[in-house]
Amino acid sequence: MLTIVRGPVGSGKSRYCREEIIKVLKEAPLGPMVLYIVPESATFENEYLLNTREDLPGSFRLQVLSFSRLALNVVREFKAFFKNSSEFVYQHTLKKILQENKGKLQILQKAADNPGFIEDLLKLFKEFRRYRVKPENLEKASSEIENWMLQQKLKDVYLLYKLYLEKFGEEYTSEGLLEKFLEYAPKSKFLAGAKVFIDGFYTFTPLELEVIKTLLKTCAEVTVTLPTEYDPGIFNRLYSEALNLGIKVKELKLEKIERYRASELLHLAQNYYPLLPDPYSGSLENLSLIAAANPLEEMEKAARIIRYLAKFKGYKLSDILVLIPEDGYYISNIKTVFNEYGLPVYVDKGLAFDHHGLYFLLKGVLGEFNREAAINCLKSGLLNLTADEVFALENYLLSRGLDGEKLVLKEAWEDPNSSYWESWEKGFGEIISFSQILPLINTYREFSQSLKQLLLKIGVPRRISDENGERFWQAFTNLLTEIEEVFGAERLNPTTFAEELLAYLAKLSLKTIPKGLDQVRAGGSKRYWTGEARAVIILGAVEGKFPSPPAAGLIFTEEERAKLKKVGLELSPLIRQRLKEDNFHVFLALTRARERVYVSYPRVSLTGESFTPALLVDWLKKAFPNLKSEEGSYGNETTPQALTRLLSREMVKVKKNGELPFIAQGAFNALLLSKPELITKIARAFATNPGKIKLNAGFKEFLPSKTLSVSRLETYYSCPLKYFLKYLIKAEEREIFTPEATEIGALLHGAVAEIIKTVREKGQKLSTLLAEDLKTLVYQAFTKAQQEYGEKFLATYRGRYFLNRLYLMLFKAIEALAYFEGFTKFTPFGEEIAFGEKERLKSPVFEVNGEKYTLAGKIDRIDVYENNGKTYLRIIDYKTGSISISLDEVVGGINLQLLTYLLVASENKELFGENLVPAGAFYFRFQNPMLDEKAEGLSMEELKEEVYKNFRLSGYALKDEESLKHLDSFYAQNNKFKTVNLRTYKDGRIDNALTPAELEALFTKIKGLITEAIFKISAGEFSAIPYQLKDATGCRYCSYLEVCRLEEQEKQYRVIPRKKDPEVLLALSGGGVGDEKLDSRTNAGYHLQG
């Protein structure tokens, strides 16, 4: 007998099955089997639901099974041959079949080399078996299809599928098991007289329908449940099959929807399918639409909702179901977020092998042995090294730039007798030996056995202590054994095979079951969820994620599948049908809860990509006109981790009334890790000043020393939070060897200083040296600087290549400096001259609120020229990067260094004399300029002139004729400059030339800026307010973006007006901007060190 139970979602179809099962077992605890067949993902939960029923008598009759587990039980009853190869063996065998028959393929020959083609082909073959497609069906279809391209593709697929089945036809994949079930079921005692309940399905594949047909012929009674909202012809097919078999059919309709305790949820269930649903006018206490800034905030809101429901509404955690998109971010992070809120959660996803240490070890062992491979091995935690040794060795490898052959050469290490080398030998001796023999391996058996032996020698099984690790180890060793058994003495390319094996392991996952009973359940909306939930929370309701778009057809396009269907070759549903299925999944998600539904969507991704709410959101607003998107928070925070996360983000939001503090997300976490004692003070500061963004006076003890550098002050004006993280928290990136600008700069600065010093001490001039002498001088200075600053560059080929480039850059720069020296009366006074406490140059002292702060730094080069009792000063600062400077940047505080150095030098009258004239401050850029096509046809001298134009000094000069003509003698004769970037006009104007009054006004402004920065730093003002000057911002190239993570719409910029130099000077012409007001506010003062 066949009973078809039909009814809408929530009408109690599953409850009917369970009640009937209990009724049957109560009537007869002994007898034929009672089988409850449900989707694979629901077997555990349904078994638990039935076995925890107090009214269920003990019985051996009941089994809760999936279709494949049912088939397995029947096949085992006959002790039939059973073998199930791994997915990897299927893929690799299919790859070998493709390689051997590639020349016979017409259409798929080129596609065979595409990444993922093997996986797609294997999925297609599994689809064939589910839909009972045999090679002869493909051959028949190819003769009936008129389209030549499809005809040839069918012939290609026919050939490969035929060979695949010859290899694996007898193996029991899940599809193969069902086929074997059809063979053994009619003779099965296990099924004889059984009562079967098939529940939780809304459609069946042809193979599953054939299984049901066999059950009808074999078992006493079969009951199938079907939803009325979605029926792709299944009811009629079951009905007609039963009638054809002469089996009585009973239809039971459950029309009353009993699930919902909230009227709005009942309205939702009854009105989902019409495009224009009836509007609901009642209260909306149990239906919520939530908008979040991003997926992370969305998950946190969900966690707070769950805490609220558990604390105030009496929900058990198992009463709550969270449905999430099946893309990586939600699946990967929801457990971490919920755990921070003290919520145990079962996430319906497999255990990913590539998250375990064993994978990292294999990745290091099987790939090319280099620094990255070594670090992967260290990350595994499976080497014979302590945690301290692993940490120290990883940092050593990264900071020293050791790579390639240098890793295994003892003499290449900085100190071969140190503990680093001992740790290296202890941890990597066996791995290095294996990496040397790996390319020599010839067969699959050798590969498998050698890899097993290595892992045993390292002691991997002893160090895997976690339950998941043991499962991964067992799965991997089983795979190696299978490879050895299946492929044995066949020859292989070990490098290619290792890459293929790693690619497979990266996608491998193991099934999980819930470890606890009272925990939140989370997973994809397309999964079958057993039983009713009191509350459902849907996350990620945006287009393209909820529901996820249907996958494109594999190998065959949608158009080709439609043509195949016309000639009788039925495969999985076309996209139109799959879209209907997806819509039904959305409906199931919405109607799973009996009391509350929360639908949530993020506005943007964590990378700033905008999202469009899903069609579901629009439908809900039509069905419930009073439903509004809620932006607020939910519940109270009770865990320290959650509170820290919440505080850090709430501080970056700016309320419309401007009351909320503005500080970057992640600052508190950084504080907690670096200086726990700061947390209390920060909390107290914000608690006592909720409307401000200042840390209280107690923070002065944690401020850096009262000696400040100009570059630090520029950092503060770039973004106060950046200053806070870099200099107070001292949050640093791990040291990794790369030719950074700081190291390049140190090497070049050191070499130039050595050259200028050598020439000055010998009483010579660069401009008078012969070309060979200049070359020798540059080589000697570069070699010396390389020993002091460039040792790391020698560690790698890339580093040595950079050294060669730097040498050429230095030589061209010295040639340019020598050339420029012939046009100026200024001569070097000193190189790398420091100012500050006990330094050659006295430092400015700034008094702020009774505290003294000293400026310190180092000037790359000071040149002087003496004439008529006056001493003219010129500052040169060497740069390896951009050398642009404008006065709006100076008064904005982000480019203070050059003119501040001139200010410091010009106030050291004890050293240079009373009649001191600041003649100018300039950048000189190290570079390797290239000439364009305009240079064709120029003489050698003209080419040199073109090259030297690129090296001209860039900055500001004093607008004083006496000073200018000695600064560049070419100007005195030609009224234009050759060595500096000053541009002259016929009316006497000179760009970048400042009158003494203008220069003095700039100096006053700079003093005010330094004073104000000191005041704000000492007052604890570290808000996340980066500067913005036209398109440039303080966030550009910032190392702390991952800590800050301010959303673009949340940023509050300190806008520096874009002004030309004359406009800035005009604004300063009144004697500075706001200096008197500043002094009044900060009680500031200024003087030179005494």
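A Cβ is built for glycine as well, from the same backbone N, Cα and C atoms used for every other residue.
Computed from a predicted structure; not experimentally measured.
Record features, source Swiss-Prot:
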type	residues	note
BINDING	GLY7, PRO8, VAL9, GLY10, SER11, GLY12, LYS13, SER14	ATP binding site
BINDING	CYS719, CYS1035, CYS1038, CYS1044	[4Fe-4S] cluster binding site
Give the distance between the Cα atoms of GLY10 (ATP binding site) and CYS1038 ([4Fe-4S] cluster binding site), rounded to the nearest whole Å.
54
Whose Cβ, among the binding-site residues VAL9, CYS719, CYS1035, CYS1038, has more other Cβ atoms within 10 Å than any of the rest?
CYS719
To the nearest whole angstrom, state the Cα distance for the pair CYS1038 ([4Fe-4S] cluster binding site) and SER11 (ATP binding site).
58
Any idea what the Cα distance is from SER14 (ATP binding site) over to CYS1035 ([4Fe-4S] cluster binding site), rounded to a whole Å?
56
Integer Å distance between the CA atoms belonging to CYS1035 ([4Fe-4S] cluster binding site) and VAL9 (ATP binding site):
52
Could you list the residues of the same chain, at least six apart in sequence, whose Cβ is under 8 A from the Cβ of LYS13 (ATP binding site)?
VAL5, ARG6, GLY7, ASP199, THR225, PRO227, LEU254
Between GLY7, PRO8, which of the binding-site residues has the fewest other CB atoms within 10 angstroms in the structure shown?
PRO8
What are the sequence-distant neighbours of SER11 (ATP binding site), meaning same chain, six or more residues apart, C-beta distance under 8 angstroms?
LEU254, GLU255, LYS256, ILE257, GLU258, ARG259
Hey, what's the Cβ neighbour count for GLY10 (ATP binding site) at 10 Å?
22
Would you mind reading off the Cα separation of PRO8 (ATP binding site) from CYS1035 ([4Fe-4S] cluster binding site), to the nearest angstrom?
55
DSSP-derived structure type at LYS13 (ATP binding site), helix or strand or else coil:
helix
Reported as an integer number of Å, what is the Cα distance between CYS1035 ([4Fe-4S] cluster binding site) and GLY12 (ATP binding site)?
57
For GLY12 (ATP binding site), what is the tally of other C-beta atoms lying within 10 angstroms of its C-beta?
18
Any further residue of that chain within 8 Å (Cβ to the Cβ centroid of GLY7, PRO8, VAL9, GLY10, SER11, GLY12, LYS13, SER14) of the recorded ATP site:
PRO227, LEU254, ILE257, GLU258, ARG259
